[in-house]
Amino acid sequence: MLDHEYTTKEVFRKNFFNDWRKEMTVEEREVIKSLDKCDFTEIHRYFVDKAAARKVLTREEKQKLKEEAEKLQQEFGYCILDGHREKIGNFKIEPPGLFRGRGDHPKMGMLKRRIMPEDVVINCSRCVAGDSKIPEPPAGHQWKEVRSDNTVTWLAAWTESVQNSIKYIMLNPCSKLKGEKAWQKFETARRLRGFVDEIRSQYRADWKSREMKTRQRAVALYFIDKLALRAGNEKEDGEVADTVGCCSLRVEHVQLHPEADGCQHVVEFDFLGKDCIRYYNRVPVEKPVYKNLQLFMENKDPRDDLFDRLTTTSLNKHLQELMDGLTAKVFRTYNASITLQEQLRALTRAEDSTAAKILSYNRANRVVAVLCNHQRATPSTFEKSMQNLQTKIQAKKEQVAEARAELRRARAEHKAQGDGKSRSVLEKKRRLLEKLQEQLAQLSVQATDKEENKQVALGTSKLNYLDPRISIAWCKRFRVPVEKIYSKTQRERFAWALAMAGEDFEF
């Protein structure tokens, strides 16, 4: 971890040192008083050497480790659900370590303590005539609790030490139960198609309501719809991370510009969203929205609530009245999926190569990720991997140039000789050039894709907000192998969609 930029951040270092000192003996605390004077290079070298040793294992040693992992998987990685053997998702509890968080999390660097059996609640069916076997805890230990709750889908739970949040062991996403829940989620979002025009007309009319509460709700709903903002949850006073959602925006999070970037009525957002990820956006809005925001901000201090008459609870209640099952997340899922479908329709050309079609797909996915504010830090290996890729591109260009010269020579020889042998050589050289040109095009597309998406997390929206049937239908329609879009694990997760979606599927 020494090589990671986290260790240079003051918050990380302060939190780590505070937690480390709590674990020290009295004598150690007397000696170790400054983190700046501590040298971790020997420990760092030990783990670097261990990682290097794993890379040079023989095939037999790797096979042995694989077999041991498979044995663990077979013993602990499955459960019996309604008489069927189902795979468990995360059957290994995360080991102790240092909390990183996302964005500039105020608790980064704190110690994640080891989870013991005494911390874990097991959820399984009751023992009736020997039908259910409660998992045995490790020798000398016992579970915190064993309960039988068939209204939830988790198999085990515990409270982690940094944020005091409950963590769960769940079924694998490819399980029947998880697949059904995913299908239901996307079907609910699809149902919104039949309501969305009426909902939009209603909130536009509500911008002129005589009730301030109704106006605030209408503007908030506009932002949830247009910008895919999360509704946000009310926070307890004194909670460390100052994260907000749409309903909990404060005046300081919004700036109004009569004109900016060549547009009128521009709203500038700047706040910490979920997981302490910064949300920054400058967006033109409709004039009534702009006027209402001016009204909401009148005579308020920067720390005052923008929507002071609105709560997450009241907004969610209103959404349920508009459509059964409607939430801000359903809006987010609907707009993400519709955006992907429209972008794919606009960007994909049937005559493009497979590599170009995949670039179009990733660009469509990127539009959704930006809409949903799915960011990531530029990978630490980005520069090196781009250099390697550019080296490959340069080498491939040289091969193409050489192949083109060989083709010219072969064409001249065939023109001079005109026999079958020279024709065969000519065709061979032509096929080689075409193959190399295709490889060069693929590498160039790969470099473009990598550069465009270095700070965007495509996977979050792909797995959670985009109906997989849209992607599968696109693959079938444009003859793109599904393996190019979804990994093996993802194909297992979306098996229900693979079986269901034809090339004519519309969200």
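Cβ from N, Cα, C; glycine included.
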Pick from 48-75, 188-215, 300-327: which range does TrEMBL record as coiled coil? 48-75
If you count the other CB atoms within 10 A of the CB of Tyr465 (active site, O-(3'-phospho-DNA)-tyrosine intermediate), including all protein chains displayed, you should get 25
Sequence-distant contacts of the coiled coil (48-75), meaning Cβ under 8 Å and at least 6 residues beyond its ends, amount to 91
Taken over the domain 'DNA topoisomerase I eukaryotic-type' (98-479), the model's mean pLDDT: 89
Collapsed DSSP category at Tyr465 (active site, O-(3'-phospho-DNA)-tyrosine intermediate): coil
